[in-house]
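To start, the structure under review is shown below, and the notes come after it.
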Amino acid sequence: MQAAWLLGALVVPQLLGFSHGARGADREWEGVWGGAQEEEREREALMLKHLQEALGLPAGRGDENPEGTPEGEETWGTQEDGQGEEEEETTTTPSSGPSPSPTPEDTVTYILGRLAGLDAGLHQLHVRLHALDTRVVELNRGLRQLREAASDTRDAVQALQEAQSRAEREHGRLEGCLKGLRLGHKCFLLSRDFEAQAAAQARCVARGGSLAQPADRQQMEALSRYLRTALAPYNWPVWLGVHDRRSEGLYLFENGQRVSFFAWHRAPRPEPGAGPSPAPHPLSPNQPNGGTLENCVAQASDDGSWWDHDCERRLYYVCEYPF
């Protein structure tokens, strides 16, 4: 809308000046100005032509010269040849076209009409833009509400997951102490699922415990009796929470404490009176013997001895739970 009024403020004064100049030129032509006023009319005609081309108006004026010769040039030459003869009044014969050429007043009226139409169009665009802005504000408000609802839902889901984890840990602890072996402030429960050592530790933690970490020889002997009774008459290796992954030969519990005692398996001793064995027993070598390839410890269910194994081997495992 402001652009339309600015265009009108720039164009209308020039057109009004052109109209006044055109009427003044007709009067002055009858007087003494002659060719100077004619040059002024030509300049104004050129300005009007450019304006009509810019606004898309129909070209043509009543005083245009189709031959490209400025009007009045022949009359001016006649006055010079006549050596002071009186001016001859020339009468313009109206064109025989179907409609008369538009006057400057008609051109101004047409331009003002076009500007009014542009103003009305800009007003409609402004109204539609305002409606769109209102709709965008409503959509942004709705989107913000959806985001807040989604955030609340995520918080609720997270709270439910945390509650489920707490409930699962509490359930695992109660199950371990009810179904397993209670020993002081600990409960041991055997799991007959085959898992790698790290996966077994993760499952024990999810249930509220950890892989078994016998703190002394008394707990170790009690755990051995529990495993022998649960898995008899078979001999199964069972993962403990003991490893030397951090440094070879430095055995730690899963809680980071250093192991203070060991129950490594030893090869059977020769019978009394027999000579010394030249080589270790192939099926029952002294433990640990795996070096950097075997860094996790499992307990045999028959005699409770410790064996080092590859941590990726899938074995039974025993969890401990606080009581």
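Here the Cβ of each residue, glycine as well, is placed from N, Cα and C on the backbone.
Source: prediction; values computed, not measured.
Going by TrEMBL, these are the annotated features:
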- 129-170: coiled coil (COILED)
- 270-285: compositional bias 'Pro residues' (COMPBIAS)
- 183-320: domain 'C-type lectin' (DOMAIN)
- 55-107: region 'Disordered' (REGION)
- 270-294: region 'Disordered' (REGION)
- 1-21: signal peptide (SIGNAL)
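Away from its own ends, the coiled coil (129-170) comes close to residues 206-208 of its chain (Cβ-Cβ under 8 Å, at least six residues beyond either end). DSSP states for the domain 'C-type lectin' (183-320), grouped as helix (H, G, I), strand (E, B) and coil, give 28 helix, 39 strand, 71 coil.
Across the domain 'C-type lectin' (183-320), the prediction's mean pLDDT works out to 87.
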